[in-house]
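J.: The structure is given below, and queries will be raised subsequently.
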Amino acid sequence: MTTEELQAIQDKKEKAAEYDASQIQVLEGLEAVRMRPGMYIGSTSSEGLHHLVWEIVDNSIDEALAGFASHIEVFIEPDNSITVVDDGRGIPVDIQEKTGRPAVETVFTVLHAGGKFGGGGYKVSGGLHGVGSSVVNALSTQLDVTVFKQGQKYYQEYHRGVVGGDLAMIGETDPDHHGTTVHFTPDPTIFTETTEFDFQKLAKRVRELAFLNRGLRISITDKRLEEAESLHYHYEGGIQSYVEYLNEEKPVLFEPAIFTEGEMDEITVEVAMQYTGSYHSMVLSFANNISTHEGGTHEQGFRTALTRVINNYAKSNKLLKENEENLTGDDVREGLTAVISVKHPNPQFEGQTKTKLGNSEVSGIVNKLFSEEFGTFLLENPQVAKRIVEKGILASKARIAAKRAREVTRKKSGLEISNLPGKLADCSSNDPKQTEIFIVEGDSAGGSAKSGRNREFQAILPIRGKILNVEKASMEKILANEEIRSLFTAMGTGFGADFDVTKARYQKLVIMTDADVDGAHIRTLLLTLFYRYMRPVVEAGYVYIAQPPIYGVKLGDKITYIQPGVNQETELQEAIVNMTTSKRKPIVQRYKGLGEMDDHQLWETTMDPEHRTMAQVSVEDAAEADQIFDMLMGDRVEPRRDFIEANAQYSTIDI
Ligand code: TTJ
């Protein structure tokens, strides 16, 4: 053997040892993900489970934003695994110098890898946690990837993050066919609460992504059903269509919605806005496709610009006299629906829930770009401009009048906690962190809840079926309503200008209504009330919806409860089979209302923290209720009738 040959063998051995060492590192990295999944995906609850999907879809969105993919498809497979398909360039398959492995393998096996492969452009998406596809891989019993590229089909699979075999060429494909398909099965030993995907939840975000990424075609298909259900989204108008969609059921001041866009220092800024006849404003903001609930510098820049540009226009066109007071931010935002979307190469997320954009340079950039375009728009559309200014002036007049009225009502509102409502069965603890208040529909369910509860930390407030329509009522009328007064007094947070979330006497406010149409209606009414008049309570995550069971399967003194859900019928059949003995068959009870359960059952199934499931209400959920509510209460009769016909065949409530 020559020295060269010996050297070559030696080199090979060293390379192999290096590879083994790097593999150990990879395994340790992904093992860390499996040990502490919450650190990487937030939680292992249903939230975390759904997060996996976005972690994968984000990669395809980036490819679309880079201009190389135009279609993205998401499938929920019959076994609750997920497939994501795009028609981009395909993840690179070439061997990387640094690792000696195909790039695609690194994407799925090395923590924080992904995105950039010298392809230029930055990674726009990357989720709230932005941890990359290897995390999804680590948390899946199986993940497989197929890349279509240059007429070849490449395949690799992994099990719980471990490579199942080398990347293989498994066949030829049409040379024009390019793209990436990823299929993964979440690991049930990690997602112990549930591995069931929620089609509606996925569809909602898919639609939002379609709105936020103009021109993108994205679909979601549920293959678990006998007949697959597919939803396809594509908005040429992007966030302009989003605003119009949000205002669909409301009278608007002008059409179409205003749309502006601009770019500066690699930051793109899009704003769409439209005014409605309502008093409420809805400003949604996003940074890199992530919803920024807590606002941040982009919203701040937009607000400043909106107020200044409208005031300037009003003054220079003599709609507002030189000596008259400027319109305030609140005045110019009354009735405003707006969506702000920025894309930033290096977004900083701050705040309690990491949903506040912190980059300080953004406020100035949004301010400048939006001001220029919006200013021009007003000059070119004097009719619309006049309406906007007049709406602001009206708001300012109402604000001044309301301030006077409030000073009067504040004195006589009498919402002090010293007069706790008579119907409230309070708990003995007064530590708001521990305590819960159940808002229960009807006096009879209220009775069961009172005797079934743990009185140490659970308070019960029964309410009568129908609460006030807060959309149409004046502040004074709202304050006069018995049900609403008890609720606010019990909560101890005050009302209107005096509202203070830190005074909440309970940090869990649980809506417990019947699982029928009326129950759903009352829930919507309550959520609307909370959204409009207790929003900080919703934002703090204090609002929950109880989940009473839909069936009880009973044999002797043994009983199995079935929660409502897509699998309820299967679970019911399973329970029947499991409980049937050679001698006896169980009885099935269907719970139409809370009143059909006795106090003990209600505790066991719905109130006991050890066994219950509760849905936490997000601001979006409440906003959605508010929208449904608007439709139900608004001036247009048609959508209301459609809604009632579709949903409320047995409703006894007249809306
Ligand atoms: C990166 O730059 C070079 C050409 O390919 C680019 C790329 O990686 N594109 C890409 C990745 N398209 N789609 C993906 C992708 C799709 C899914 C479903 C999952 C993952 C992890 C990546």
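Any Cβ shown, glycine's included, is placed from N, Cα and C.
The domain 'Toprim' feature in TrEMBL is assigned to 435-549. Per TrEMBL, the feature Mg(2+) 1 binding site maps to GLU441, ASP514. Taken from TrEMBL, the feature site 'Interaction with DNA' covers LYS466, ASN469. What TrEMBL lists as Mg(2+) 2 binding site is ASP514, ASP516.
I would like each feature placed in context: is it buried or exposed, what are its neighbours, and how far apart are things?
T.: When secondary structure is read from DSSP and collapsed to three states, ASP514 (Mg(2+) 1 binding site) falls in the coil class. All protein chains considered, the CB of ASP514 (Mg(2+) 1 binding site) has 22 other CB atoms within 10 Å.
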J.: Taking 10 A as the limit, how many CB atoms besides its own sit near the CB of GLU441 (Mg(2+) 1 binding site)?
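T.: A count of 24.
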J.: Tell me, what is the mean pLDDT of the domain 'Toprim' (435-549)?
T.: 86
J.: Within 10 Å of the Cβ of ASP516 (Mg(2+) 2 binding site), how many other Cβ atoms are there?
T.: 16
